[in-house]
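Structure first, then comments.
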Ligand SMILES: Nc1nc2c(c(=O)[nH]1)N[C@@H](CN(C=O)c1ccc(C(=O)N[C@@H](CCC(=O)O)C(=O)O)cc1)CN2
Ligand SMILES: [Mg+2]
C-alpha cells in the first residue's frame, strides 16, 4: 500500500484562526472602544509583494481590524519612510506596523526596521524583539516561524526532545525558527550553504524545516522516514506554477507529515501577522484575551 503522510493544511488552519480572530475582535473592540489597527506599508511595484500585501489587508478587514494601507512609489526615500513610521508610532489607533520586504535597494532597510516601535513591531524584526527571542523572553516573533510552531502544535506534532534541522539562516525565518524550536526544548541543528553533506545532516531530523530558497532542492535523500517536513520556500517556475524548496512528490513517499506549497506555510504567515497584531492590541489596551 502506498505511504500517505499527514498533510499539514495551513490554508484550512489559517481560515480557522481567522474565525477565532474575528470572534476576539467582536468581544474586545467594544471594551477597548476601538478595533485592532495594523498599518500595511508597501514600497514599489514588486508583483509578489503586492499580492502578499493585498492578502494581508483583506485578511485584516475580514476579521474587523482597522487596516490602513500605504502604497508608496518606488522612489520613496528612507527619510520619507522614517517620517511615516514616526507618525504611525505615535498613532493610538495603530497597534502594528508592517513594512513589506524586500524594500527597494536604495532604502536603508536596517534604519527602517529599527525605527518601528518594538511594541508595534508585528513582524518581530526589531533587534529588541530578536533579543527577547534569544533570551527566551516574551516578545513579538516573526510571523512565518511562529506560524510554523502553531501548525505543529495544532497538528499534535511534539517538539520537545525532538531533533529539528533548519536549513537556512535568514533573520526572517531560519534564525527565529531555530530559537523558537530551541525554546520548546528541541535539539536544533542550523544548516546553510556551507554545511558539508547537507543530505546527511537533514536526515537526522524528526522535524525538517526547509527555508533555503532553492526551488525543489530537497529530495527523498534528505528525509528520515516518518519525519515532519515543513517547506517554507515559495517561487514561481517558468510554467507559472508555485514551487517549494522540497520535491513534494518524493518527500510524500517518506515523510510522516508535510506542508504543501501553496497552502502550507504561506497562509499561516498571514494568520500569524493578525495574531501578533492582536497580541500588540491586548498590550496597548490592557485587556486580556477573551
Ligand atoms: N514584512 C515582511 N515581509 C516579508 C515576509 C514577512 O513575514 N514580513 N515574508 C515573505 C512574504 N510573505 C509575507 O509577507 C508571504 C509569502 C507567501 C504567502 C502565501 O500566502 N503564499 C501562498 C501562495 C500565494 C500565491 O499564490 O502567490 C501559499 O503559500 O499558499 C504569504 C505571505 C517575504 N516578505
Ligand atoms: Mg538596502
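Even glycines carry a Cβ here, placed using N, Cα and C.
Per TrEMBL, NADP(+) binding site is recorded for 168, 169, 170, 234. The domain 'Tetrahydrofolate dehydrogenase/cyclohydrolase catalytic' annotation in TrEMBL covers 8-123. Per TrEMBL, the feature domain 'Tetrahydrofolate dehydrogenase/cyclohydrolase NAD(P)-binding' maps to 142-283.
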Where the C-beta lies under 6 angstroms from ligand 1, the matching binding-site residues among 168, 170, 234: 234
For residue 234 (NADP(+) binding site): DSSP state (helix, strand, coil): coil
For residue 169 (NADP(+) binding site): intrachain residues, at least 6 apart, with Cβ closer than 8 Å: 175, 190, 192
NADP(+) site span - longest C-alpha distance across 168, 169, 170, 234, in Å: 16
Residues that sit under 8 angstroms from residue 168 (NADP(+) binding site) by C-beta distance, when 6+ apart in the chain: 174, 191, 192, 209, 210, 211, 212, 213, 232
List of residues, in chain order, with Cβ under 8 A from that of residue 234 (NADP(+) binding site) and at least 6 apart: 242, 243, 244, 261, 262, 265, 266
Helix, strand and coil residues within the domain 'Tetrahydrofolate dehydrogenase/cyclohydrolase NAD(P)-binding' (142-283) as assigned by DSSP: 53 helix, 26 strand, 63 coil
Cβ neighbours of residue 170 (NADP(+) binding site) where a neighbour is any other Cβ within 10 Å: 16
DSSP-assigned states of the domain 'Tetrahydrofolate dehydrogenase/cyclohydrolase catalytic' (8-123) in counts, ordered helix, strand, coil: 62 helix, 16 strand, 38 coil
Segment confidence, the domain 'Tetrahydrofolate dehydrogenase/cyclohydrolase catalytic' (8-123), expressed as mean pLDDT: 98
